[in-house]
Amino acid sequence: MQEEENQEDPYGESMVEESESTKGFWGCFCIPIHWFRMLSREMHWSFVFGVVVVYGISQGLGGALAGVGTKYYMKDVQKVQPSEAQVYAGITSIPWIVKPIWGLLTDVLPFFGYRRRPYFIFAGFLGVIAMLLLSLHENLHLVLALLALTAGSAGAAIADVTIDACVAQNSISHPLLATDMQSLCASSHSVGALVGFFISGIFVHLIGPMGVFGLMTIPAGLIILVGFLLDEPRMHDSSYRQVKQNFVDAGKAMWKTLRSEDVWKPCLYMYLSIALSLNIPEGMFYWYTDSKNGPSFSQESIGFIYSISSVGALLGAILYQYALKDYAFRDLLFWTQLFFGLSGMLDMILVLRWNIKFGIPDYFFVVIVESIAQMTNRLKWMPMLVLSSKLCPSGIEGTFFALLMSIDNVGVLSASWGGGFVLHILNITRTRFDNLWLAILIRNILRITPIALLFLVPRADPNSSILPSETMDSPSRVAIDTSDTKNVELVSLVHSVDGK
């Protein structure tokens, strides 16, 4: 009875007393502290620590540092063309495309009785070794550099999938705290990215891109620490003979779900809407830093621009949460996709230097352009993220959600390689940007084309169910039993299709 009362009121009476005793400015300052204390009390502090490390420090702060550092590494150290850098960026993102593999492994293949901790440790060591190789080898061959960058990306992807599995399982065991956990993930990532972009240009200027890669060993080391500290019960009766059957059962469940018309149509739209929105960030970055044709931004300026523009993503999430989250998927995607395409025309104004004719400085205008781009991209992404969660059948939520995210990542890869192809065809190089405006125009036209494919998206709103009942109820029960079900928080998300 006591546990049920805590579940009904996760914040507890103490939170009410604390909120009543703290008023004014100090009360606002203390709210996040009380919130973290509540989450740590309900789901153990090691879980909250893991979310902050993976989302905030590794993906947020570390991702921002690595992103800016990699751009300068490819431009100044490896000296590749923007079209080549665009293709290489797609290659290093491949580990995020195969996220279902990592999801299945963490769900059904335990090591030494643990399902999550070994994968955190492995991901951390993989990241440390990759970043050390990039930072210590001065004349690293491009192929080895790509392998190291891909290995570092794989470490981040494995840690991401593992913490997502922890979040998914805790969302099931603590349903009233599901939104709080998502808010913890999003806020950690946003704050980490804001800080990371702010200091990225400074560190690239002071220690160079290779030195930045050396700093990236710190987030990877913290992921190893998460693996050792995570509060996960050991499963003494885990059977490796059941692993093969678990893989087969999960595959059957995912295939059955994907065959449903209610699932594959939205998945097709999500892929096409991303793939058709060509990415040419490397071309824009080379132009930003060009001293002849572009604004010739310094390394510190690039970091500050990305830092300020990351606030746009946070504003987009807030706008969606408080004003747009209840709109039907099809209606909201229509307007966000249209605004996404039209807002891209600001890049053309910048490249054609029309902002100078209107007396708008480059730095100020680029901040506006990047902020609007981040906000519109987040507004376009949020409803698709909610739609993806609605397409996950019961029993394989974690693995199937990873599958849907991998479909989106395939779209990002297609958009990145498509953008690299356009840059190459238009002969946009390290020193030639005459046709960059044409690449932007082609990109903006293609961004609007997914509107014609909105018939693939259901008319439902985010508060209604999308999957048919037979699909939602197909997985029956957990395939691997645990000896202590009372305190288990991290158990397998894979259920047996045949009820074995």
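FYI, residue positions are counted from 1 along the chain as it appears here.
Note: Cβ is positioned from N, Cα and C throughout, glycine not excepted.
Annotation source TrEMBL lists transmembrane segment at 45-67 (among others).
Under the heading transmembrane segment, TrEMBL lists 87-112 (among others). Outside the transmembrane segment (87-112), and at least 6 residues removed from its termini, the chain residues within Cβ reach (under 8 Å) are 70, 74, 80, 118-119, 146, 149-150, 153-154, 156-158, 160-162, 164-165, 234-235, 238, 243, 246-247, 250, 254, 282, 398-399, 402-403, 405-406, 409-410, 412-413, 416-417, 420, 479-480, 492-494.
If you look up TrEMBL, you'll see 119-136 (among others) marked as transmembrane segment.
The feature transmembrane segment is assigned by TrEMBL to 142-163 (among others).
When Cβ-Cβ distances below 8 Å are used as the criterion, the transmembrane segment (184-204) is approached by residues 39, 48, 51-52, 55-57, 59-65, 67-69, 72, 167, 211-212, 215, 298-304, 306-307, 309-311, 313-314, 317 of the same chain, each at least six residues removed from its ends. Annotation comment: TrEMBL describes 184-204 (among others) as transmembrane segment.
The list of residues near the transmembrane segment (210-230) in space but at least 6 beyond its ends in sequence, with Cβ under 8 angstroms from a Cβ of it, reads 46-47, 49-50, 53-54, 57-58, 61-62, 65-66, 68-69, 73, 77, 116-128, 131-132, 134-136, 138, 152, 155, 159, 166, 200, 203-204. Sequence annotations record features per position, and here TrEMBL assigns transmembrane segment to 210-230 (among others).
Through the fold, the transmembrane segment (268-289) approaches residues 71, 74-75, 82-83, 85-86, 89, 295-297, 302, 333, 337, 340, 347, 351, 366, 380, 384, 387-388, 404, 407-408, 410-412, 414-416, 418-420, 422-423, 428, 430, 433, 436, 439-440, 442-443, 446-447, 449-450, 453-454, 456-457 of its own chain, all at least 6 residues removed from its boundaries and within a Cβ separation under 8 Å. What TrEMBL records for 268-289 (among others) is transmembrane segment.
According to TrEMBL, the transmembrane segment annotation covers 301-320 (among others). Nonlocal intrachain contacts for the transmembrane segment (301-320), taken as residues 6+ away from its ends with a CB within less than 8 angstroms of a stretch CB, comprise 64, 67-68, 186, 190, 193-202, 204, 285, 288-289, 363, 366-367, 370-379, 382-383.
Look at TrEMBL and you will find 332-354 (among others) tagged as transmembrane segment.
Residues or ranges marked as transmembrane segment in TrEMBL: 360-379 (among others).
Residues 81-87, 89-90, 93-94, 96-100, 102-103, 161, 164, 168, 253-254, 257, 267, 270-283, 384, 388-389, 391-393, 439, 442-443 of the same chain sit 6 or more residues outside the transmembrane segment (400-424) yet have a Cβ under 8 Å from a Cβ within it. For 400-424 (among others), the entry in TrEMBL reads transmembrane segment.
Taken from TrEMBL, the feature transmembrane segment covers 436-457 (among others).
Residues of the same chain lying 6 or more positions beyond the ends of the transmembrane segment (360-379) and with a Cβ under 8 Å from any Cβ of it are 288, 295, 297, 301, 305-306, 308-313, 315-317, 319-320, 324, 336, 339-340, 343-344, 346-347, 349-350. Here the transmembrane segment (142-163) has Cβ contacts under 8 Å with residues 50-51, 54-55, 58-59, 62-63, 66, 70, 73, 78, 80, 88, 91-96, 98-99, 102-103, 106, 116, 119-120, 122-127, 129-131, 133-134, 216, 220, 223, 226, 402 of the same chain, all six or more residues outside its ends.
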